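Some notes on the structure that comes next.
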Amino acid sequence: MFPGQGRHTYGGQQQLLQLQQYNYGPPQGPPPNGYGPPPGPPPNGYGPPPGPPPQNSWGYGNPSGTQSSNQQRYQGQQSGQQNYNGGYQRPSQPPPQQSGNQRGQPGQNGEPDYGHQYGSGQYSRPPTNQQSFGVENYNYQYSACNGRKKALLVGINYIGTANELRGPINDVNNVEQFLLTHGFKSDDIVKLTDDQRVQRAIPTRQNILDAIQWLVKDARPNDSLFFHYSGHGGQTEDQPDQYGNYDEDDGYDEVIYPLDFQTNGFIVDDLLHDMMVKTLPPGCRMTALFDSCHSGSVLDLPYMYSTKGVLKEPNVMKEAGQGLLQAAMSYATGNSAGIFKGLSSSVKSFMNQGRSSQANEYSKQTKTAACDAISLSGCKDDQTSADSSIGGQATGAMSYAFLTVMNQNPNQSYLSLLQNMRTILQSKYSQKPQLTASHPIDCNLQFIF
């Protein structure tokens, strides 16, 4: 049987995650932002490509054939027909491909240091007692990360399709090797990649959801769960919940694209949050690493931190000012289309100011959690994330940055880890890694997992 086919038991109570409100079927028309449908459906064999991958770089952005934003609704059928009430076994997996992982982990094999490193390296471990904050005295708990360790690693190259990437499978193999040297056991690591020969180990939408069920099953305080996704990401228009409220300050939900997204749809951030965060008990750690476009808030964690270690808030005036600057530059160069676009962007920012503030507060009210969830993502919600080649190996820029920092000096704080990853990427890429959390955190505490 495949991961996730079982009920969760926390404190003697059984919980069965309901997925009915998330129905993202195939699109009925062309997707937003000019992405047309691909020339054909994904191949059925999911075998290796007939030749070496091309040498140019792509971003981990919306694949062609993505779904129309105004056609997604939080309603409808259950996601999958299986009953989650049986046992659970991790899928059998073939031996690793020798051709894809010969260089080893980034940051090892004598690679040079990446330059200036932030932080003194003297960091306190997170407190083990219950924490509280806010006027309602909301409680949460850091994880000691000394319980069971489990990991789910998802890498999708979209082999043989128009959306093909080169780095995700390598990223998964590299992260797996990293985790094996940090207390994780191979029997507690599940990999889903599209070069697998085992059907249940292929990263389809249902397999990913089932594997997430396995990851969170029987989670307990001080367990350490690790989720890594490398592949395409995108956005879709935020839809109101049953009370008519929105939780995205920019008006868009973030999504990830399974291998079969064209037929079975994407996976939206609300669903990821409900499965990976809401189900966890206080003191259980979920460390999520997203190497995909538009991934800044893809786990819907309401507390986002800057490289100064302070909470970020929506900056509508800054966005409006950027639109006015674009309009002025377009006027100077005689670009009438650019003038209109810049002014429209500025007006839209002002109009969205009220909704943005309300959505941000509503997100904190509904998405704050007592567990210890942390998300490290490759870029802001409005940015793309690079699929690149570093040291002769195809890799995602974010996966590379995380592994390089942690391999060269695993004694990091939340803040120094974020700063050092940005340092690695800023010389070649415009993307800015993001740090979000399920509760307020002290960014100067030691990053453990």
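The backbone N, Cα and C atoms fix where each Cβ goes, glycine too.
Here is what Swiss-Prot records for this protein:
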ACT_SITE  HIS232  active site
ACT_SITE  CYS293  active site
COMPBIAS  10-26  compositional bias 'Low complexity'
COMPBIAS  27-55  compositional bias 'Pro residues'
COMPBIAS  56-66  compositional bias 'Polar residues'
COMPBIAS  67-91  compositional bias 'Low complexity'
COMPBIAS  98-112  compositional bias 'Low complexity'
COMPBIAS  119-132  compositional bias 'Polar residues'
REGION    1-132  region 'Disordered'
Inter-residue C-alpha distance, CYS293 (active site) and HIS232 (active site) (nearest angstrom): 6
Three-state secondary structure, CYS293 (active site) (per DSSP): coil
Cβ atoms near HIS232 (active site) (within 10 Å, other residues, all chains): 30
Surrounding CB atoms that lie within 10 Å of the CB of CYS293 (active site), all protein chains: 32
